[in-house]
Amino acid sequence: MSGRDGPDGAGGPGGSGGADGSDDATGAGGVPDVALDEALAAVAGEQPLINSVTNDVTVNDVANVTLYWGGLPVMSDDEREVGDMVGIADGCLLNMGTVSESGEETMLTAGRAANERGIPLVVDPVGVGATPTRDRVADRLVTDLDVDVLNGNYGEISALVGDDAEVRGVESVGEYAEIAAAAVECARKTGAVVVASGETDIVATETAAFEVDAGHSMMGAVVGTGCMLGATLAVFAAAVDDPVAAALTGTAAYGLAGELAAEGAFGDYRGPASYKIAFLDAVAGLADASTPDIVDRIDRIEVR
Ligand SMILES: Nc1ncnc2c1ncn2[C@@H]1O[C@H](COP(=O)(O)OP(=O)(O)O)[C@@H](O)[C@H]1O
Ligand SMILES: Cc1ncsc1CCOP(=O)(O)O
Ligand SMILES: [Mg+2]
């Protein structure tokens, strides 16, 4: 871990330590007693500055969703400056969606600065499994850096651990019956808390796996929802001390926003483009919306 509490570390807003079920700080069924309202209040109170080195396709969405959660976005990605910007940030996101040769080096510079500063480092290995270049860059990021939270779709997480995976461009294609086991193996390989996104999200550590039942199929119809999940995880990891509680809370909050948008709570929509607007408004308005207790959306699952 990057100088921060690991999954057994001290708790904090939004969750209490031992979120991998290793001590008595968990609730029923070995699920940590995460609290959405506490996490959202912590984000609002801390207003974490998040530096994202991210792709050209969704950079504006990543910036806005960071802001709408209550963080402060900055997208510094120049080798001459990024170390200094991460040096004053509270969290760092690396998203390799359109990584260039210089961008690869800049991501390593930013990641090393985050590790040295002891702030949360989130990595989204976009498109790993699609090309040898992406396989090499992703492996370099998780090997050379101390990653706190790693998020990818089912295909990307499976590809990272060498399981059969079909990643077409950046989209996960096919069935992944063993995704929970792949996520735990990925956590063991990288030392990160792993979020495997899909119809049901999986949050995994080296010793525990949780299903997060929140979200809507319309989220899968919008480019950028995985990238924006990475930004969400960076914001929550900067405000919630325990990285597992942060990942569970951020993933659940994100899915709840997707559900509220699909229900029309933040405006009608006619298709994926207008849904995206409603989704972003749901993120911005979640703190004021009445939301269910997210503990009821999280189930610990047994993984061999
Ligand atoms: N069919 C679905 N049902 C519910 N939520 C979904 C569905 N597809 C995607 N999501 C949600 O959308 C977000 C992005 O997931 P995903 O599409 O897997 O990432 P990516 O965009 O990187 O491929 C996640 O929060 C995930 O839970
Ligand atoms: C289409 C595309 N190509 C390179 S990055 C990118 C966006 C990927 O966004 P997400 O992973 O959220 O679907
Ligand atoms: Mg993605």
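Every residue, even glycine, has its Cβ placed from backbone N, Cα and C.
As recorded in TrEMBL:
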REGION    1-31  region 'Disordered'
COMPBIAS  8-20  compositional bias 'Gly residues'
BINDING   Met75, Gly224  substrate binding site
BINDING   Asn151, Ser197  ATP binding site
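For the binding-site residues shown (Asn151, Ser197), fewest C-beta neighbours within 10 angstroms: Ser197. Ligand 1 lies under 6 Å from the Cβ of none of the binding-site residues Met75, Asn151, Gly224. When the binding-site residues Met75, Gly224 are scored by other C-beta atoms within 10 Å, Gly224 scores highest. The binding-site residues near ligand 2, defined by a Cβ under 6 Å from one of its atoms, are Gly224, chosen from Asn151, Ser197, Gly224.
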